[in-house]
Amino acid sequence: MKLKGTCVMLAFLPCTFEAFTVGLLSMLFFKISFSFGLLLGFVLATVTTAVTVPAMLELQKKNLGTDQGISTLINAAASIDDVYAITWFSLILSSITSGSGENGDSTSPIWTIALAPIEVLAGIVLGCILGGILWICPSSELSNIKIRRMSLLLSFSSAALFGMDYLGYETVGPFAVLVLSFIAALRWNKQQQNSKTLMEEEILENEWKYFGLPILFCLIGYQLDLNQLIET
C-alpha cells in the first residue's frame, strides 16, 4: 500500500512523456501530424512491457529487490502502463478515422472521447465477473487443478480480448484481461500462502518465454512493409 502512489506515477507519467516526446519529434523529423506522432509514441510505449516484465521476473527469481517489492511494483506499473497506452492508441486512432470518415465511420470524435471511460468501466466489470468465475470454477478438489486454472484463465482472456475487438470495443478487452487475472490471483494466493511463487506464474512465464515472445516479434516482422518506407 505504501508503494501505491509510486506505482501510479510509474504507470502513467513515463508513458505519457514518452508518447508526447515521440509525437513532437515525429512532427520535426518525419513531417507528420501530431495525432499520428502520438499514435507512434503510444505504440512504442507498449513495447516496453515486453522488455521489463521478463527482466523483473528474473530478478524476482534471484530474490533481488523482493524485500522492497521492486519487482512487484514494476510489473504492476508495466501492466497498467500497457493498458493505458493501448487505451490512448485506440482513442486517438478512433478519433482520426471518425474525423476523416475512413472505412465509412461517421462517428463524432466527441462521442468517441466520451465513450472511452465507459469502455474502461465495462472492461473492469467484465474482468471482475470472469475473475469471480475463476474463484469457484474449477473446484480446488479436482486433480491437475493448476493446469485447469491456467486453461480457463487463458481461454477467458482470449475470449474477452478477441471478442471485444470483434464487437468493435478494443479498449474493453485489455482492461478485462488485466482485471480478471488480478481478481483470480487474489483467491489463488490465499490458497497457496506457503509458496512465494505460484505454479500458475511458472506456467505463464514458460508460455510467454517459449511461445508468446517469439510470436510477438514474428508478427512485428510480418507487419513490416519496407515498400511503404521507400514510397514515403
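Cβ coordinates are placed from backbone N, Cα and C, and glycine is handled just like the others.
Predicted automatically and left uncurated, TrEMBL annotations should be read as such.
What TrEMBL records for 4-229 is domain 'Cation/H+ exchanger transmembrane'.
Per TrEMBL, transmembrane segment is recorded for 7-30 (among others).
Feature annotation from TrEMBL assigns transmembrane segment to 36-57 (among others).
Positions annotated as transmembrane segment by TrEMBL: 110-137 (among others).
Look at TrEMBL and you will find 172-189 (among others) tagged as transmembrane segment. Long-range contacts of the transmembrane segment (172-189) within the same chain, counting only residues at least 6 positions beyond its ends with a Cβ under 8 Å from a Cβ of the stretch, are 79-80, 82-83, 86-87, 119-120, 122-124, 126-128, 130-132, 134-135, 149, 153, 156-157, 160-165, 198, 200.
Nonlocal intrachain contacts for the transmembrane segment (36-57), taken as residues 6+ away from its ends with a CB within less than 8 angstroms of a stretch CB, comprise 15, 18-27, 30, 70-71, 74-75, 78-79, 81-82, 85-86, 88-89, 92-93, 96, 205, 208-209, 213, 216.
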